[in-house]
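Listed features, source TrEMBL:
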type: DOMAIN; residues: 8-82; note: domain 'Aerotolerance regulator N-terminal'
type: DOMAIN; residues: 104-215; note: domain 'VWFA'
type: REGION; residues: 243-263; note: region 'Disordered'
type: TRANSMEM; residues: 6-30; note: transmembrane segment
type: TRANSMEM; residues: 62-84; note: transmembrane segment
type: TRANSMEM; residues: 680-702; note: transmembrane segment
Amino acid sequence: MNTLAIISLTTPAMLLGAALVALPIVAHLLNRRTRRRIVFPSVALLSAAAASQSSVFKIRRLLLLLLRCAAVVLAVLAFARPVWLGGANASSTDRGAIGDSAAVVVVLDTSASTRQLVSNGQTAASLLRGQANRAIGGLRSGVDAGNVIFADAAPTPVFDTMTRNLAALKQAVDGSQPTDHHADFAGALTLAAELLRNHESDASAKRVLVLTDGQRSNWQELGDIDLPEDIELIVQTLRDDPAAESQHNNGLATPEVRPARPGVGAPTELSVEVARFAPGQERLRVDLLVNGQEVQSQWVRLGANQRQRVGFTHRFDTPGQHRIAYRLDADDALALDNTVWQIVTCAGRLPVVVVGDANPDEPGTAGYYTTRALAPHNNARDRFIVTHLAPTAVRGTALRRAALVIVGDVEGLDRVAEATLLDYIQNGGACFVFAGSKPVLNASLLPWQLVSRFGGARIAEGEWQTPELRGFDLETQDALARAAVGRGWRTMAVRDDARVLLRYRNGQPALASRPVGEGRLLAATFSPASDSGDLGKYAVFVVLMQSLAEQLTAATDSAGQALAGRPVTLVADAEVDPQGPAPRIETPTGATDNNAVFTLATDTPIATLPLADHAGFYAWRQGPATLGRAAVNLDPRESDLRTMPGDALASVLSERGAGNTALVSGGDSSAALNTGGTGIWGWMLLAALGMLCLEMGLLGGWRR
């Protein structure tokens, strides 16, 4: 009995197949009483007929019956996948004790790349689920403990602790689906180590089995992991050869719009990047959809591992938010990255705030000339709508909605106003500062240090190919050179990050731009005010201000795009009704995200999702009204389906803190786990075949 005690069945349900042993028994019973018709041509044949009914033949039939029954039983036992738990000298209590149990955490890759088609129409996710179920099936029911962690952007286990409920783990694996996320394997492995450390049972073997498609971009940026030496890490990739050629794929990424807030009827540049991760060349078509309607198409030819930006020009006929989608017509391994989404907010008129002490309606002031240069008609025909703020009113959220802030005619800004302006610029705002009779801003913000004023200033040269001055043709350049700027400032210590756009005849900088945080600061060493000169009276000043304002508010909107698996913020584009229905966030699948956090008690109400599960359009609803939208896209790294070779993966894991590591390519993950024993189902199948071969050999020998 000791021998039986050290054999464990990993799939005991297959023992139901033992009922098949009845088939050879029934066949034997039916043939035992079969009558044989014997023709007696002569008396000599009577002895042979009698011999066939003798006891020797009965023994032969019984022996054949035993061989057939043994073959059926061995085949059924093989499908039950028995495991040999020890040697002949081990006691039955030692072999079955919980102290010899194994604790295994399966980390299942559910990143977006597992949606790829790999073979026969199957996805990588379905193959990985099969591997996970086989691994769980290799654990001993009631003895070994397990758990499953789904590796996405926020890894989560099926249970908070290790469990021996293997059936529930299989059910969770069967119900899992690939996400739209980029996987956080470092977080998943750290969580697995924590589960095993907190496991109360003194398991003889602690293992973490990672089942992954082996995508290079998911592993080459692996963060540090805390995996003790007593925990063995087994990484099993999907392909038998991780270095084999990956699936061919093309993808879209990084949509951009310029200007960031286009005007109604103004030409708007929309573009998207097309990438090819496959050998050879292919001609691909990219479609542009605006509010669900296809409006344009562009063709692009890409070679192996090439990227190229495809652009469209479109004019929006209404203000507000517009849904933009770029669609790639390609038959490749991953369909999810063939569409990219974008929200473009079309502004009827861009708000510009002019900060100054003087009354902007008083002729001769900087505010007077600036306002009339940006809004000459003072009606809806103007691109910009200009409002005036006194320096003491620059507080809190006063600048939040401004597309551009212009500072001039100011004796100085107090600390609160300067901090408010700095916060506005650092968070992506654009600011234009004139230098009048006194320096306006702190020297640490300006592109230079102002020294002293001089007279007779005139513009001599400019960087006319820069975006800020690209609208100046030769005639306009000459007009600007002839304009009497009047009094300008000498400068020193020009910052390294500053770009000088205009210079005076004496070589001193007249206009420069520098980045400040996520925004830009444009500074002039002159002023349009009459007490500085006559520049504000020239028509070329209108051209200068329109060009600079257009470029400062036209920063390309590609930063801050939301990606699946990360937080996303929706900004209300319409008024929130405090007495109306409760606001909700509608996901791309049409469901409501109950994790949304609404901040309504501000000038600009926002809704925040801690994690965006799906790529596509999210809508902020209040009853039937849509208050705002946001676009969420796939992480561009998921488009590159190339896998990491085994030696490179082992090196990465070792560098990140996983020393006790084994790599398995393809194959059976349950065999790699080796949870406390040796699988003997292969030997049982071989024994069953041996029984059948012996039966056929005996039959052949007896018939001779």
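Counting begins at 1 with the first residue displayed.
Backbone N, Cα and C define each Cβ position, glycine as well.
In the region 'Disordered' (243-263), the DSSP tally of helix, strand and coil residues is 0 helix, 11 strand, 10 coil. Counting residue by residue with DSSP, the domain 'VWFA' (104-215) contains 40 helix, 30 strand, 42 coil. When pLDDT is averaged over the domain 'Aerotolerance regulator N-terminal' (8-82), the result is 65.
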